[in-house]
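*Asks:* Handing you a structure now.
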Amino acid sequence: MGGGDVSSGLHLMVFFAFLLSSHGATAVTFTFRNNCPETVWPATLTSSGPAFPTTGFALAPGASASFGVGGTWSGRVWGRYRCTSGARFSCESGDCGSGQVACRGNGGAPPATLAEFTLGGGATDFYDISNVDGFNLPVGIAPAGGRCQRASCAADINSACPPELAVKAPGGATVGCKSACLAFNTDEHCCRGAYGTPDKCKPSRYSQFFKQKCPQAYSYAYDDRSSTFTCNGGVDYQVTFCPGSGGTRSQVLSVM
């Protein structure tokens, strides 16, 4: 092989190495399913890695939608509901403030139940469900194949939310349940200042309420031991809204 061929080969190797490091060696499929009795508008926010293919879309009751993303993606997913598409799209729960179905890089207004992921590109994935900023919809995470543990917050926390934490829609319905940090903004409840370490920030009666309802979900900032899950091998994931309910119909849309 001549010198020019060697140089071209090296350039190709560097190029493909760049692609693998930028987009992840293993593609991962996320399937979203809505088992709730009303339409949910899932939203995504990318923290690092390749951008998720969508930042927001509608999902009718019983419907599913699948999207492929690079295996090194890190970010969060949450559900919006009681949305209206008048002059400006908005939601009574989980709204991201973009005025559109797509959130375009905006996060959701708390309280919102978060499904959080850090994908390892074929190595170790980390995932969790977080109620650290509160709850708005039941959510479940199911790794494909059954090799790794599911994580779920299937309880309807809104129905039992303490009045001082409840977020009400204009009609009076509870559409979210704030965490104590979000509701009271104190160092003790937010694990900051003098309470900024695990030995100083202990569960409050409010975080214990969330933990009792959803034992697998984060209930406060240092609730790691029972709330962080891992999976090896670049598996796919299903995120289900209202995982304790059965869907009414199946309508699958794949965008890879």
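Just so you know, glycine gets a Cβ as well, placed from its N, Cα and C.
Per TrEMBL, the features are:
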- Cys36-Cys242: disulfide bond (DISULFID)
- Cys83-Cys91: disulfide bond (DISULFID)
- Cys96-Cys103: disulfide bond (DISULFID)
- Cys148-Cys231: disulfide bond (DISULFID)
- Cys153-Cys214: disulfide bond (DISULFID)
- Cys161-Cys177: disulfide bond (DISULFID)
- Cys181-Cys190: disulfide bond (DISULFID)
- Cys191-Cys201: disulfide bond (DISULFID)
- 1-27: signal peptide (SIGNAL)
*Asks:* Among the disulfide-bonded residues Cys103, Cys153, Cys161, Cys231, point out the residue whose Cβ has the most other Cβ atoms within 10 Å, with all shown protein chains included in the count.
*Replies:* Cys153
*Asks:* Which is it, of Cys96, Cys148, Cys181, Cys201, Cys214: the one of these disulfide-bonded residues whose Cβ has the most other Cβ atoms within 10 Å?
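*Replies:* Of the disulfide-bonded residues Cys96, Cys148, Cys181, Cys201, Cys214, the most buried by Cβ count within 10 Å is Cys96.
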*Asks:* Of the disulfide-bonded residues Cys181, Cys201, Cys242, which one has its Cα closest to the Cα of Cys91 (disulfide bond)?
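*Replies:* Nearest listed residue in space: Cys242.
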*Asks:* Quick one: Cα separation, Cys103 (disulfide bond) versus Cys83 (disulfide bond), in Å?
*Replies:* 13
*Asks:* Tell me which of the disulfide-bonded residues Cys83, Cys96, Cys177, Cys231 ends up closest to Cys201 (disulfide bond) in space, Cα to Cα.
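*Replies:* Out of the listed candidates, the nearest Cα belongs to Cys177.
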*Asks:* Compile a sequence-ordered list of residues in the same chain as Cys83 (disulfide bond), six or more apart from it, whose Cβ lies below 8 A from its Cβ; state 'none' when nothing qualifies.
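*Replies:* Long-range Cβ contacts: Thr39, Trp41, Phe89, Ser90, Cys91, Glu92, Asp95.
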